[in-house]
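Chemist: Sending over a structure as structure tokens; questions will come in a sec.
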């Protein structure tokens, strides 16, 4: 349970794998997913490593599978996913897989080539069929006298004078419909109006044999005179990618050709159907095994990639690897190595040897489906340093609670909870569907965050007594107006006063606090906002200071664990004193005033703001301002002096002690060896004992002795000054930052009230017969706006503000976030279908 609050303890281990067993051992480690391999060949080009040929073969198989997958998806065939996790094939099985994939690829390419040729032939015959059909109509129109008059410009004047018969040449073809207007203008300009074009649309779209898209085309016939115009027309048709077809001149020949074309189309359609059936059978057979093939190939590829990270022994019989792994999983890792050795048939066992290192290990926080989302929220700010306190367990409660303080509405909380419950209940089915929608996937990953946000919103909504901007009268109001009529309000007062105030000092008016939350009578009061603003503002300050103080307290656990006594005495203690003497005292004042003053003494209750300002100014001369309690002046002066003392305590003392320790080590001749200091001085982070940790995160090179420790007093003073100023000013600014809890809560309540008043109230106010029908549309609009504005937009706003309060105001008190994530070699992503590497 303790590891939940810190990252797992990691160790660097060395693996000695026999060459014949290395493949199977790495395979078992990939199934386990608990080791992160280090690259022991950083200076070797990826194309010069030992297993580069095997990687290329896997990539070639992967390419063939992607081709098959593309063809399967193009045919709208679903890929079978049984959730099976196939075992990694042995290296000797790669030849069979390659042959199988090669056979499928060649067969599919042959089918596609033949099918494309058949479809192209089918398209040509179909176009010819429409040409023969349409041209007959064109030739029938040639007998029309109007056509002769329209085409008279095609004849030479001498021929017209001699009354020679009209002898015109023609070409017929098919062109894309959208090119017709440009095509017609080009013919007219190039041929100077000496051609006659007739065109008709083909009603049914034709299929492009290459892309498979539907294309709309038109049939055209061009009449001209002379070979020169004929050549021009053909060149223009070629430029516009029009398909020209031979068309007989006599009706009888056209009829005979049409009959032959129809017969060939029928035969070709039969062949096309048979080809498509065969293609479907091949693709359906491939679709059944495609996912398994993908997993096998990509597991093999991942294994060979990992083997390329290892060193080869000089005898070529052993591979040496270095891995980061959790100490708690060493037994399971050794068991996986034994299992891999047995599968390979090797008689020499693999060896796991723990290594001593001064390099910073990666950070590994174990998660489950519930804590996964909260850990991601923390990691988005920065990966925690190795073994420091993990904020995620505390964030599980504080994050949804602070969100709910801003979002608090009973009705909206129920809607959010129902949505989260739906995702949680159906999570298995949703996971199996592998939805690609990025927005939904993101929300589904945070389903438990949304669930807790909804539950806490219900809780805070009950405290605020706010449900869709309306109060719930669950227990009956504790206020009564009847005593005011009998004892205080006269008839004359009632006639001339529009706003009346209930006096809690009158017996019977106020009967004690409401059992839970805000009394519903406040929803009717004109000073509702005044009361709620005061309550929420003070509550925000109290919650914020408690949250920050808890963050400072967590820093103590880090200092104790890392054995840094200087940070405790010169960091944690003055920080905690500074926080509690000023802002902790403010919380006590707020609670004290709530308890010390009731309705009868509220008129003389002093202002906390004035008292708090006077506390810093040491201003107590104003006798008209009553004290909150006896001895207040002396206590407040003492608290301010303590807070002031904490500033030089944090600023000056630590650099001086570090300098004194450095001079003492230098005098005694103490040196650093391999990053580990040998001497009498206490361990301290600012002395930079392990100097090359940051470099090791990037270089991952072999361990080298660290250089002799260098201490710069000026840098240390500047660093400490920045930290002190940041903390002292941060306490003030961060406390003010928590007022966003009040501001967003107010905004959400006001938006909810506006939406009810402007939409739902209007629908409920209609008294006519059509009011019921109108209410249906009004409620639809109300529900849509509620979800879009109040749940999604306002919810996202509250989410981001709660995130900021955790990242900045809370985590900066104890969380370094300068580590790097543990990225184990694992087949999990491959099993889940996330094939992209």
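Even glycines carry a Cβ here, placed using N, Cα and C.
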Chemist: In Swiss-Prot, which of 599-618, 619-638, 639-658, 659-678 is labelled transmembrane segment?
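Modeler: Among 599-618, 619-638, 639-658, 659-678, the range Swiss-Prot annotates as transmembrane segment is 639-658.
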Chemist: As a test: from 442-471, 535-554, 573-593, 771-809, pick the stretch that has the greatest number of Cβ pairs under 8 Å with the transmembrane segment (389-407).
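Modeler: It is 442-471 that shares the most Cβ pairs under 8 Å with the transmembrane segment (389-407).
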Chemist: So which residues does the topological domain 'Cytoplasmic' (427-441) touch in its own chain, when a touch means Cβ under 8 Å and the partner is 6 or more beyond its ends?
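Modeler: 81, 83, 369, 447, 833.
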Chemist: Going by DSSP assignments with H, G and I as helix and E and B as strand, what are the residue counts for the topological domain 'Cytoplasmic' (555-572)?
Modeler: 15 helix, 0 strand, 3 coil
Chemist: DSSP says what for the topological domain 'Vacuolar' (750-770): how many helix, strand, coil residues?
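Modeler: Helix, strand and coil residues of the topological domain 'Vacuolar' (750-770) number 15 helix, 0 strand, 6 coil.
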Chemist: Could you give me three numbers for the topological domain 'Vacuolar' (594-638), the DSSP helix, strand and coil residue counts?
Modeler: 23 helix, 0 strand, 22 coil
